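Read through the structure below, which is laid out as structure tokens, and then see the notes.
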Amino acid sequence: MSDWRNMNKDELEHQFSPSRWSHRMSADDVIRAHVAALKAGTEKARSITQTLLDVPYGDRDGEKLDVYVPSSSSPDVPLLIYFHGGYWQFLSKNESGFLAVPLVQRGVVVVAVGYSIAPEGDMDLMVSQVRRSLVSVIQQYSHISGLYLCGHSAGAHLAAMVLSTDWTQYNISPQIKGAFLVSGVYDLQPILSTYVNEPLKMTEEVALRNSPSHFLPQLKRSSASCDIIVAVAQNDSPEFRKQSEEYFKALQSAGLKVSYEDVPNTDHFNIIEQLVDEDYHLTKLLLKMMGKS
């Protein structure tokens, strides 16, 4: 496949418009259906699990968490932090509890993280926020048996940036046991000239310092023992698939514990929507990673 640097703006916009690659419905319909599915799943999770909503982790309005808590009172429970997608400019934690039901039922605490999407927040701020959200979670939940991350699309990018954190400035050294990166963007340079960057206003310098693909040595220092799964949809665009493939290969070459999941019969949206289903392949993998299968 040709290098993104040889593509014109229209080609790049097409490659980085995931809704145009779904085989299920039109671009507008697939986005509408995605938002509806996440909202319905989150409403269900809030109706049948114990929740702590809008827990602050910082002073800004957007710096809040939603926590979905198992009813079992076991002191040592795994905790999964979820970072939502939406190209750093759509969605919020309020649609991000959908994956909680099958996990909470197996005794997993699920934390959905809010962050300041563009144009209110820029990329540096969002990366700082998700890092601070993890510090806050560790401080609030000291008795967990393991800390795990999951992110979709922009959220997979943010999860990868969390894995690549130099924690010395936070006076903490979190032991992240596992990370589930679903249909992510790991090199931000190709989106600089596209519509995606219009509200983000990233310069090349900002894109480089927030691209996980440039921080493999730091990831190895910070998250050497982390079990990483890089997942991608069969019907993600070729460039999205390439981002996942190349990041997986780079992690593998760096000697990290990583596996690659190419999920059949999925697109960029239903690859994550189906985490509401305990029988879905990725739900089973997530539970297995946390020792809950």
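Backbone N, Cα and C define each Cβ position, glycine as well.
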Looking at 84-88, 89-93, 104-108, 244-248, I want to know which stretch TrEMBL calls motif 'HGGXW'. 84-88
Distance, D236 (active site) to S153 (active site, nucleophile) (CA atoms, angstrom): 11
Cα-Cα separation of D236 (active site) and H268 (active site), in Å? 5
Mean per-residue pLDDT computed across the domain 'Alpha/beta hydrolase fold-3' (80-268): 96
